Amino acid sequence: MTAQTQQSIMAKLALYAQLSRIDRPIGTLLLLWPCLMALLFAAKGMPDIKVLLIFILGVVIMRACGCIINDYADRNLDAHVERTKQRPLASGAISSKEALSLFALLGLLAFALVLLLNPLVVKLSVVGIVLTIMYPFMKRVTNMPQMFLGIVWSWSIPMAYAAQLGEVPVEAWWLFAANWCWTVAYDTMYAMIDRDDDLKVGIKSSAILFGRFDRQWIAVFQLMAFGCFLMAGLSAEREFIYALGLLGFIAFSVYQQRLIFSRERPACFKAFLNNNWVGMLLFLTLAADYLLY
């Protein structure tokens, strides 16, 4: 293999990594924290190691799948949006056929992991992949694609309960609802960054729908998320340390509200990124609560 061929292969792999957002782990982390919390709740603090590893790998792979299919759906629009015009598909660096092939390969890999678990998880995973494919196209038909994303982003929660328990108990849906509300809140912050560009190209979003009341609606969803996280903890009979995590959730929410007050793009992006620390805090306090109580 010549040096030129090696360079060409490495350049192509770098483009695939960019398409899959491997270079931007924030989305993977936001997807991972509630999934890990679900495993802790379902297993009362001691999840099966095999299940844990499968879900961590599955989250990484499925987040990549979601990014690929999203960029494929938006390939003709991203070129007109400042933040996305340099993405591999939008710029033409990667073909649609290459993107779909990578999506199929990663999807099959994720499904192979799921086959190591029980039949209920397999069934739920099929729904999950359908939801993942549907999401990018919801931005064309609904003013609230963030609500649909909340379902997609929370689907690992019933899957985690099913993997650990063989069923999805009622209390699992408190965590599902909490993560759904939280996702709508932070993805609306993200949508505020692109609002002007989205209006130009006809993309719908909650930031556009809420208009000048965007901050207030984000606060509503943050409060609903807090209430549902609280109910999830009460259902699992959690103690003081988890409660500290919930207080931290409120503190972070207030901080994010201050950041987005100006509606400036850098501040909204900073508020969005801050949610990684929210997820980490909730997971760590839940883990510590199970460890000590």
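If you go along the chain as it appears here, the first residue is 1 and each next one adds 1.
Including glycine, each Cβ sits where the backbone N, Cα and C put it.
Annotated features, as they stand in Swiss-Prot:
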TRANSMEM  26-46  transmembrane segment
TRANSMEM  49-69  transmembrane segment
TRANSMEM  102-122  transmembrane segment
TRANSMEM  148-168  transmembrane segment
TRANSMEM  173-193  transmembrane segment
TRANSMEM  217-237  transmembrane segment
TRANSMEM  240-260  transmembrane segment
TRANSMEM  272-292  transmembrane segment
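Counted over residue pairs 6 or more apart, the CB atoms of the transmembrane segment (173-193) and the transmembrane segment (272-292) come under 8 Å in at least three pairs, which marks the two as touching.
Only sequence-distant pairs (6 or more apart) were considered; of these, fewer than three Cβ pairs between the transmembrane segment (26-46) and the transmembrane segment (240-260) are under 8 A, so the stretches are not in contact. Among 49-69, 148-168, 217-237, 49-69 has the largest number of CB pairs under 8 A with the transmembrane segment (102-122). Long-range neighbours of the transmembrane segment (148-168) within the same chain, counting only residues 6 or more positions beyond its ends whose Cβ lies under 8 Å from a Cβ of the stretch, are 30-31, 34-35, 38-39, 41-43, 47-48, 51, 54-55, 58-59, 62, 66, 117-118, 120-121, 124-125, 127-128, 131-132, 134-135, 138, 142, 175-176, 179-181, 183-184, 187.
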